[in-house]
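Visitor: Submitted below is the structure of interest, expressed as structure tokens.
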Amino acid sequence: MRAYYFDDIPGDKRLLHDSGNPVSDNILKSIGVLHWHIPTSQQDQIDTVAEERSYKNRDTITITKQGLGDLYEAKLKSFYEEHMHEDEEIRYILEGSGFFDVREHPSDSWIRCQLDAGDLLVLPAGIYHRFTLDENNSIKALRLFKDEPKWTPLNRGGSTDVNPYRVDYLKSLAVN
């Protein structure tokens, strides 16, 4: 995985948007973002991470224009809306590639995480983020969950700013 500050230049969100300013692992850890690279030929290591972090459930999601048909553009648009979840978001990329953008706190800058096959990303509950494919327009990912699989995005706004998971996330940053 490669991480860098998003350049905020208007245009196709599937392009790199690389500002030329890389983001270190220490910065990612300071905002609660974790990542590993586990080659897809060694997927059994995912079970070890899942056990260590209490991930009990999993499923696979494939996002392609062919697979989603007429829903493709609407789905991509909804994934790219700035949102948070009340659970960790865990993705292990099996095939393809894409971008997760996360909000750095307190600067509110976007950090772009470029993911390829073998990358495992963990976003903490309460962090604002968004997702898009890259120009290859295809990704297959394993999603891991601590409890029953659910994916409920809460778009950024006044109610999410005071959501208990967001408040707890911000408190955890103050401790670090």
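The backbone N, Cα and C atoms fix where each Cβ goes, and this holds for glycine too.
Not my notes, these are from TrEMBL:
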BINDING   His83, His85, Glu89, His129  Ni(2+) binding site
BINDING   His83, His85, Glu89, His129  Fe(2+) binding site
Visitor: Please list, in sequence order, the residues in the chain of His129 (Ni(2+) binding site) that are at least six apart in sequence and whose C-beta is under 8 Å away from its C-beta.
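Guide: In sequence order, the residues whose Cβ lies under 8 Å from that of His129 (Ni(2+) binding site) (at least 6 apart) are Glu82, His83, Met84, Glu89, Phe100, Asp101, Val102, Arg103, Leu123.
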Visitor: With an 8 Å cut-off on Cβ distance to the His83, His85, Glu89, His129 Cβ center, who else from the chain surrounds the Ni(2+) site?
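Guide: So the extra residues in range turn out to be Met84, Leu123, Ile127, Tyr128, Arg130, Pro153.
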